[in-house]
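If you check TrEMBL, you get these features:
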type: DOMAIN; residues: 220-386; note: domain 'Helicase ATP-binding'
type: BINDING; residues: 448, 451, 488, 491; note: Zn(2+) 1 binding site
type: BINDING; residues: 457, 460, 475, 478; note: Zn(2+) 2 binding site
type: DOMAIN; residues: 483-635; note: domain 'Helicase C-terminal'
């Protein structure tokens, strides 16, 4: 008989990152319940993770739980186990991990299922009709309400009757007293996706032989309650239909599923396809919903009303039971890695959850991460391929425009002659085009042509971006704004101008070149308000614009049959980021955005504008040749001993003063060297390099950032080396009692 509840208090601090025992008393919480408990001199919230019959705490010091905060447990047992695994694997705090499993809005601003008043007849229709006749003169509103209920023969919301019959609520309450009407508070949704079709599609598309083969292979894994598959298919090859076919079969077997997609891929078009296919069984979780709408979707999953969840990174924690299948689309996307604590990788978490719950994991991409494709090629996971587009459609014809030659020939426009000609031809044929700009705002930076001064943010070591509406300089890291300088602050020159092209400048130049063109712009600036993202894409889908200009938002999830031209501006900008993954990310970005063209019967064209046409990442992306890129990049990684041939470990220390941050990083470097020498003698053969330097983004929000970067050989000792490193870092934090901020991560997603 349990007498003790084991509780994790909701305090994110390493000193209390453990289980605390509390007496049950008269309360009967179950694992996953949220409770109020005494902690020190205050009351705090906590999560029951287990019940026990014994405790090491003396009875006179065992304090009782104060209250159970919810009617039912909010965290499933499988997710509690997952939180403990995350604590061990990512060395994060248990409270931080458990918060990821909570329904939206439960902490802080409390959200609960929304309820509304509904009315129904409590008597037969004939009796109600006779009563209505008797009330027609002395209580006409009551009579009208009765007639409405008789006519529709169903439960009606009081709010709807109120719109038709002023004073209907009072009339219904009077009828309730007469015993003619029953009033009930029932749960209702908050309106998310009300305009989308909720009936599941009856006719499902016929899969090609290649698609059917992939789906059958995946389902064999589902039936065996195991398996990890990499689905590598070119853009437009129909990976989504393979996903949907497998999801349908999993639901037919009485099991549940999760589909993860990058946040920017959760377009209204994607959501509509998902809901149209699975009806009310589908729930969608993403950040563009209000807290209340997200809670409603979570609640439908929790109560079993929805059995398949689609969402971004955090949807991996959806409270589904009897999990059969997890699918991660665009598995290469960096957005699956959380950059704030707890710094988890949703792909790794999905693999762990699938393994523990007997589910199959599918990773899909047209441009898989090198690490994942290497694992598939080596047989560590199963490789499935879709090498052709649906219906044998050709990949778009790609032309690379050398912007150095354009400039040499006197073309100072943002558009190469090849792109300009194709844009005009596209409009003349009544077709649509997408222009991809790999940044937001008007221009990338403001610089003085006389002395080279670049306007930087005073809080962050980055250049500020020039915006036109309103005209201002903006830091995209901390939000700091400043007026646009008319004279150079350094030398006083008036030749201070903006450089590079942002979405606003591209829009301006496009309107000057094609004044008759109908243009839409989609970036973070134009989609800040709720619904703006939807409005822009729906307008483009309806043909209300000829050209869509966008940042990374337009690279995924868009499937418009009338789009025949894609222009990639400044294709090589990502090559200049100080990160060993820059070529890989450039290849992926160009390949993905090029795939938006020619997805239906009309053939597609792509123009890639670059100052580095000879770079292999751009040349091979133009050929859509993933395998050639994989071989070329793997040779480069092997020569430099970069992942997947080694592992990077980074400790980042930030402080208010630069020398303070550097001193902390150097102190950590020395501490690790001493610790590993004492506890892990093989360290010398594992550590390939150890450097302390300022981070590429050396200052953000008035905090200077220094990093210790370690490169560790991939051998049979690597696992132990990483474990000892984590412990060394934690001991340094505990012993140094450093007041700044520091964190440790393996293979950081962002080397800046």
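Heads up, the Cβ atoms here are built off N, Cα and C, so glycines get one too.
All TrEMBL annotations are machine predictions without curation.
Known features from TrEMBL, placed on the structure.
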residue: 448; record: Zn(2+) 1 binding site; Cβ neighbours (10 Å): 21
residue: 451; record: Zn(2+) 1 binding site; Cβ neighbours (10 Å): 13
residue: 457; record: Zn(2+) 2 binding site; Cβ neighbours (10 Å): 24
residue: 475; record: Zn(2+) 2 binding site; Cβ neighbours (10 Å): 20
residue: 478; record: Zn(2+) 2 binding site; Cβ neighbours (10 Å): 16
residue: 488; record: Zn(2+) 1 binding site; Cβ neighbours (10 Å): 20
residue: 491; record: Zn(2+) 1 binding site; Cβ neighbours (10 Å): 13
Of 457, 475, 478, which is closest to residue 488 (Zn(2+) 1 binding site) if I measure between C-alpha atoms? They're all binding-site residues.
457
Taking the Cα atoms as reference points, how far is residue 451 (Zn(2+) 1 binding site) from residue 457 (Zn(2+) 2 binding site) in Å?
18
From the binding-site residues 457, 475, 478, pick the residue whose C-alpha lies nearest to the C-alpha of residue 448 (Zn(2+) 1 binding site).
457
By CA distance, which of the binding-site residues (457, 475, 478) lies nearest to residue 491 (Zn(2+) 1 binding site)?
457
Under DSSP, is residue 478 (Zn(2+) 2 binding site) part of a helix or a strand, or is it coil?
coil
Average pLDDT across the domain 'Helicase C-terminal' (483-635)?
88
Local backbone state of residue 448 (Zn(2+) 1 binding site), from DSSP in three classes:
strand
